[in-house]
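Chemist: Residues or ranges marked as [4Fe-4S] cluster 1 binding site in Swiss-Prot: CYS59, CYS64, CYS70, SER298. For CYS85, CYS89, CYS92, the entry in Swiss-Prot reads [4Fe-4S] cluster 2 binding site. The compositional bias 'Basic and acidic residues' annotation in Swiss-Prot covers 19-28. Annotation source Swiss-Prot lists region 'Disordered' at 1-28.
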Amino acid sequence: MVTVVDRVTDRRLRHPEKAHRPDTSVQKKPDWIRVKAPTSQVYKETHGIVRAHKLVTVCEEAGCPNIGECWSQRHASFMILGEICTRACAFCNVATGIPFAVDENEPERVADAVARMELKHVVITSVDRDDLADGGAEHFAKVIYAIRRKAPKTTIEVLTPDFRHKDGALEIVVAAKPDVFNHNLETVPSKYLKVRPGARYFHSIRLLQRVKELDPTIFTKSGIMVGLGEERNEILQLMDDLRSADVDFMTIGQYLQPTRKHHPVIRFVPPEEFESFAKIGKVKGFLHMASNPLTRSSHHAGDDFAILQKARDEKFALQR
């Protein structure tokens, strides 16, 4: 388990808003959560490319359990707009506080790394930047355009913040035409006040719906964590809400507590329940469902994109 103190310097707290909270209990992880430590040469090469281009990855910042597997396959999810978030969600390990100025050279560095790694599919995400007039939307667009120039065969997936109170921001990102637009709901609405207090559930639903209205050709995607105390019927209702917004793809994974200052794991959901959600999601009309304890938004994103394309082609063929 990581510490609440920033890895870069002992003088800056990673989560200052959580520093004085009492420690919460930490449950022992069940066997189905175990992952192997990263040791491969390709993992080291991926790490070297990320460092050489002075880039930030959500794989590291969020403490993703799949980093060893993904980096060993040259898969990486780049986090733009800095590494300090303006919000303080109870589940997230990304550092919080006052961000630095936007790095205008970042789009070219990201594109260079994508080209060098010869990525077939790349995921671009960011911290929340409530301090920026457009929430960072223009920067997202610049990154997309830079990748299109330097790695034209690479498909692009964006995982965006909610752009709350940022009129016109969503339109800027959609106009840049990512192949997949992902925005995570994270949890059921009854848990928002404690888990995701800076966001609004139905604003996020509307954001996803608006993407389809602006450009129906873009795949839409959203994900949640389970194990935060939600009820099964709440998850099923959330699925219906996403389908009402015409969302194509849903991910469901187990919440893992980053530190003792974060929201505790209320329950480790067994694999068979994840399998059940996957089956129900397909019945409800999602083109694809990724649902297992170690599922994360960017995990197997390239493979999932291929599945989405095939599923949509088959759907259109049946409608002819």
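Here the Cβ of each residue, glycine as well, is placed from N, Cα and C on the backbone.
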Chemist: Show, in sequence order, which residues other than CYS85, CYS89, CYS92 on the same chain lie with their Cβ within 8 Å of the centre of the Cβ atoms of the [4Fe-4S] cluster 2 site.
Modeler: ARG87, ALA88, PHE91, ASN93, VAL94, THR96, VAL127, ASP128
Chemist: Tell me the residue counts in helix, strand and coil for the compositional bias 'Basic and acidic residues' (19-28), as DSSP assigns them.
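Modeler: Counting residues by DSSP class gives 0 helix, 0 strand, 10 coil.
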Chemist: Check the Cα-Cα distances from SER298 ([4Fe-4S] cluster 1 binding site) to the binding-site residues CYS85, CYS89, CYS92 and tell me which is shortest.
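Modeler: Among CYS85, CYS89, CYS92, CYS92.
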Chemist: Please list residues from the chain of CYS89 ([4Fe-4S] cluster 2 binding site) whose Cβ is under 8 angstroms from its Cβ, counting only those at least six apart in sequence.
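Modeler: Set apart from CYS89 ([4Fe-4S] cluster 2 binding site) by at least 6 residues yet with Cβ under 8 Å, we have GLU186, VAL195, ARG196, PRO197, GLY198, ALA199.
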